[in-house]
Amino acid sequence: MSALHTLSLAAIRDALARREVRAEDAVLDCLARIETTEPRIDALLHLRAEAAIEEARALDAAGPDASRPLWGVPVTVKDALTTAGTPTTAGSRILEDFVPFYDAFAVQRLREAGAIILGKNNMDEFAMGSSTENSAYKPTRNPWDTARVPGGSSGGSAASVAAGQCFASLGTDTGGSIRQPASLCGCVGLKPTYGRVSRYGLIAYGSSLDQIGPMTRTVEDAAIVMGVIAGHDKRDSTCADRPVEDFAAALASRHDLAGVRIGVPAEFWGEGLSPEVATSCRAALDAARDLGATIVDVALPHTPQSIAAYYIVASAEASSNLARYDGVRYGKRAHAPEDLMDLYVRSRSEGLGDEVQRRIMLGTYVLSSGYYDAYYRKAAQVRRRILEDYRNAFATCDVICGPVSPVTAWPLGALTADPLQMYLMDVFTLSLNLAGLPGLSLPVGLGTESGMPVGIQLLGRSFDEATLLSVGNVLSRALPPLGSPAGLR
């Protein structure tokens with residue numbers, strides 16, 4: 001069986017279970033694909049080639065294990081998640097030499113399920129960015145056009161999946177960082193409900209917003225990975241202690257969209273939405289209607305305020321979370337400081353990038369005694385209103401549907417000098433994180449002007465990932481496949 005990297009995760013998993021393919025063959029095929037594509041897309045920061053081959057050989061020697069749903073499947077992980085014995089930098093120079101001794105909960109779950117971790121994916125520094133150009137090490141390029149961005153902050157993960165370097169990757173979503181790069185790279189990305197997946201071992205950006213989720217090539221694959229990483233973990237006090245649904249069974253039980261009410265908020269379809277994105281997304285809605293869905297209008301009136309509220313809340317939490325990187329306990333340490341203050345200032349100035357410093361300063365400002373009420377308290381009030389908007393909308397629909405990004409992938413460097421314009425790229429994704437609800441991004445076509453992937457997002461009720469996945473699976477199967485990335489042909 002040749003070109004294994006072109007298979008879905010479900011297909012390679014089944015081939016491995018039947019011993020039609022060895023785990024070592026799957027790993028070697030992905031490593032060969034990485035060797036071919038990595039010089040063009042720069043999706044990886046750390047590669048575990050030798051370790052992955054050894055792990056695959058050990059699995060082959062033991063034989064397939066039906067109790068391990070990812071047995072022998074090669075995957076990658078965003079570099080914000082700790083991996084025992086493998087560097088974890090969060091895309092930052094300040095953690096350049098950090099090698100953790102423990103796995104993040106989600107990584108631990110992958111290993112227990114039999115997955116083989118090939119490497120760690122590039123990302124915007126501390127997950128602060130929308131293009132993966134804020135990485136301290138290198139920008140990642142979009143496999144569909146290597147002159148364009150892959151999105152962010154999980155751009156490395158999206159690029160790896162789209163390029164066939166792995167069968168799945170774990171990303172993180174604080175304000176759209178799974179869904180947006182999935183949309184721009186033409187793959188599937190699931191942002192779970194806040195608390196569905198433990199954040200233990202995740203290098204924090206915004207602790208009340210961060211969530212870990214799968215990035216794959218099909219909705220079925222996302223359901224498989226989600227079933228592995230979801231679950232309670234007592235080491236994360238925000239992790240929900242509730243049963244995990246059988247997501248695969250949810251997919252199998254739905255064959256059309258009869259009886260499904262899809263809400264369409266006008267706020268997601270107005271000014272700023274490019275015509276090619278609107279065209280592709282409306283075609284997907286037409287396909288949903290043909291499958292039996294009922295399209296209803298809903299309102300999310302506080303969507304315009306979500307950008308300001310998000311950047312106040314997220315920056316405030318980041319300023320607290322990143323205070324620990326001071327050059328004293330761990331991380332980059334300035335050389336020959338004159339005194340303690342010089343150590344602090346130089347370690348952080350040299351170790352943290354411009355965007356991270358910008359958000360730390362913003363967060364410190366909005367939390368200061370003179371401005372807390374004017375900014376942070378108001379942002380918290382807007383956040384509650386946004387959650388109320390979603391609750392009201394779900395009174396009349398089962399899922400909400402809209403574009404992920406107002407535009408397709410833009411050229412590298414086009415927005416780096418204009419951070420405010422970059423922030424606007426997340427206008428359709430931020431509110432979901434503020435509400436703590438789940439969202440699924442899936443590709444719906446290629447832009448008529450740019451030829452780049454367009455994604456649509458399905459938004460759901462709290463802990464109702466099963467509905468999102470089952471609806472998304474039916475819809476995605478009815479849409480024409482995108483084909484292989486044009487930039488790598």
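Placed from the backbone N, Cα and C atoms, the Cβ positions cover glycine too.
These numbers come from a predicted model, not from an experiment.
Features reported for this protein in Swiss-Prot:
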type	residues	note
ACT_SITE	LYS78	active site, charge relay system
ACT_SITE	SER153	active site, charge relay system
ACT_SITE	SER177	active site, acyl-ester intermediate
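Feature annotations (Swiss-Prot) mapped to structure.
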| residue | record | DSSP class |
| --- | --- | --- |
| LYS78 | active site, charge relay system | strand |
| SER153 | active site, charge relay system | coil |
| SER177 | active site, acyl-ester intermediate | coil |
**Item:** Those residues of the chain, 6+ apart, with a Cβ under 8 Å from that of SER177 (active site, acyl-ester intermediate)
**Value:** ASP124, ALA127, SER130, GLY152, SER153, SER154, GLY171
**Prompt:** Within 10 angstroms of the C-beta of SER153 (active site, charge relay system), what count of other C-beta atoms is obtained when all protein chains are considered?
**Reply:** 34
**Asked** Which number gives the other C-beta atoms within 10 angstroms of the C-beta of LYS78 (active site, charge relay system), all protein chains shown included?
**Response** 33
